[in-house]
Structure formats: structure tokens, C-alpha cells
Amino acid sequence: MKLWARMLWALLSGPGGRRGGIPCLAFSSWQSHPPLAGLLSPIGLVSHWTRVFEKRGIPEARESSEYIVAHVLGAKTFQNLKPVLWTQPLTPQQLQCIQVLCSRRLQRVPVQYILGEWDFRGLSLKMVPPVFIPRPETEELVEWVLEEVAQRPNVVEAQGGPLILEVGCGSGAISLSLLSQLPQSQVIAVDKEEAAINLTYENAQRLRLQNRIQIIPFDVTSVGSWTHLLPWSPMDLIVSNPPYVFHHDMEQLAPEIRSYEDPVALDGGEEGMDIITRILTLAPQFLKDSGSIFLEVEPRHPELVSNWLQSHPDLCLNLVAIRRDFCGRPRFLHVQRSGP
Ligand SMILES: C[S@@+](CC[C@H](N)C(=O)[O-])C[C@H]1O[C@@H](n2cnc3c(N)ncnc32)[C@H](O)[C@@H]1O
């Protein structure tokens, strides 16, 4: 094999092949070898890395390689790249960058952490491990909240609201999405993890929504700490995508999740109810009469939550609606306060 061909092979074969990377200058002569152009183009690299990922059992092999190649070329998705670029040769620096990022994917790093940003309902959010990566189904939770707010225009118009509390804000996805859609709203976003508080703050600044959000370190399980939030109550809504994975299911999570995302964001205790019941217990302190709680849960929770609420009538909370996600699973709950 000629030298240039050996170098190309080493670069493309990633950590499974020759390690250590190739000096970028080694590729300065690629243009004199037209047969390589296909391999060195975005489309060629996507095919190459898709095959490598598939061979190594990396989930979403094509999507991962497309996102990484597009990212290095300054686009969000491969489809966003002008088709004329798909077959254009890349620079040595771009090739090296793709190599580095794809090697991280081979170590099962989630693509969202590799890219360092991810879209949630059209908002581009910075992503930093181990802060929870927002999931597409949570977009449906936000959609439901927006629908409910739209049905109560008096709240918005008369009082300049709604005032919303988000428990467990993570990257800020839910809070910032609500703020961007509800120009009169105010949000109190709380999380027990410093990394999540910092990231929500950064994302709020990035989206210029920082003036309508209070970001407060707060652990819903710590006794008495909720009094910090009283100055903002009563609130119209509480929304949360809490940690709700049953503890014994934690080890079945994908390596991407288990190794890189914060278990505190996922593990909801024995029946996934620890934080859910804590939110429901605290809610009456903060909610207006007939205020609402919107929760993302897993499919066993609607029944568990309903039973739990029935055994806690003193809270005056009723499960008024359950919604299914795009896979048809019951995943979202609307709980309403019914009295003082
Ligand atoms: C499933 S993540 C949701 C993050 C974000 N809302 C989203 O949907 O992308 C749950 C969040 O709850 C936070 N959390 C876990 N336990 C908490 C507690 N006791 N008090 C406050 N926040 C908590 C975690 O740090 C994590 O950011």
C-alpha cells in the first residue's frame, strides 16, 4: 500500500485500527489522488463510520455518524448540508476532528455530549455531562402544558402569568421552552445538582431568557428546605420530569446512559416514586387553588400515583388526566389541586 493510502486507512479505521492519529499535513496530497475523493467526502465518511459503528454494536450508527460529520462541517444535521457539499473533499483538520469525535462515540459517549449541544423544541441547548440529556417525549409534556395554558387565557392576560415551578430542571429544557413560548410567564427552576443549576443558567443566558427565570439549588427531599420557595408562591403550575426509573431497572439502561448520565437524574427509588411523591406532598404549599401539576412518568406510574393520591386525601390533589407518548404508552400525568 502506498504511504498516502496507509495514512488514510489509519485515520479512517479509528481506535480499532492504528491508534495515535495522523499529522494533518499527511493529507496535503490527497487532491492528487482522485479515487480517494469519495472516501474523503462527507458522504463517504458517513458510510465509513456507519459501518464501523455497526460492526462495533454502536446504536443509531448512521444517525451518529451523520450528526458528527454534519457538526464538524458547521451544520446541525446532515440533511442541512447543501447537497453540493456531500461529495466535496474535507480538509485534513476536519477529517481529524471527525476521527476524534467518532472515537468518543465508539466509547459509547452519547452523541449529544459529543456535539456539546442539542435541540429541544427548536431551542439549541448546551449539553454537558453528566447533566440529563432532554428526551423527545419530554417535548410532548411541554406541548401539553402549553395546551392547558392556552385554555386558560384569563390566567395569562389578567395576571401576567403563568408562574411556573419546574422541579429538576437539568439542562433547563422544559423551563426555557415554556418561557420561550409564553412571553408573559415566569419560571422558578430548581434542581439539587450544581451541574444542572449551572447549565440551566448558561442555557438561559444563551437564549436571553435569564430575566424571567429564577434558578435555585433545591433538594425536594430535604426537610424544611422548601420554605426558600415560599416567597414565590402561590404558583399556577408545577411541571417536572423527575427521576422515575425503578431502582432495579437502572442496570438495564443502555451503556450511554449508565456510564455518562447522572444516576441522580434517573433513579426514582424502589418503585420510581421517591421524587414523584415528594413533589406531590409539597405541591399544596405552592400551588394556587385549582393549580396544576404536570409530570412525566413511566407506564406503571399512572396506577401507582392514582393509588397513592387516594391514600393521601389530605393533599386535595386529583389525577385528572393521563396522556400517552408517541409510542402509545401512558407517560404524562395532570394532577390538579381541588381545594384549599
Ligand atoms: C430526568 S432529569 C430531568 C431534567 C430536565 N427537566 C429534562 O427533562 O431534560 C431529573 C432532574 O431532577 C434532578 N433531581 C433529582 N433529584 C432531585 C431532588 N431531590 N431535588 C431536586 N432535583 C432533583 C436531577 O438532578 C435531574 O436534573
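Backbone N, Cα and C define each Cβ position, glycine as well.
What TrEMBL says about this one:
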- 46-116: domain 'Release factor glutamine methyltransferase N-terminal' (DOMAIN)
- 164-249: domain 'Methyltransferase small' (DOMAIN)
- 1-20: signal peptide (SIGNAL)
So how many of the residues in the domain 'Methyltransferase small' (164-249) end up helix, strand or coil by DSSP?
36 helix, 22 strand, 28 coil
DSSP helix, strand and coil counts for the domain 'Release factor glutamine methyltransferase N-terminal' (46-116)?
49 helix, 0 strand, 22 coil
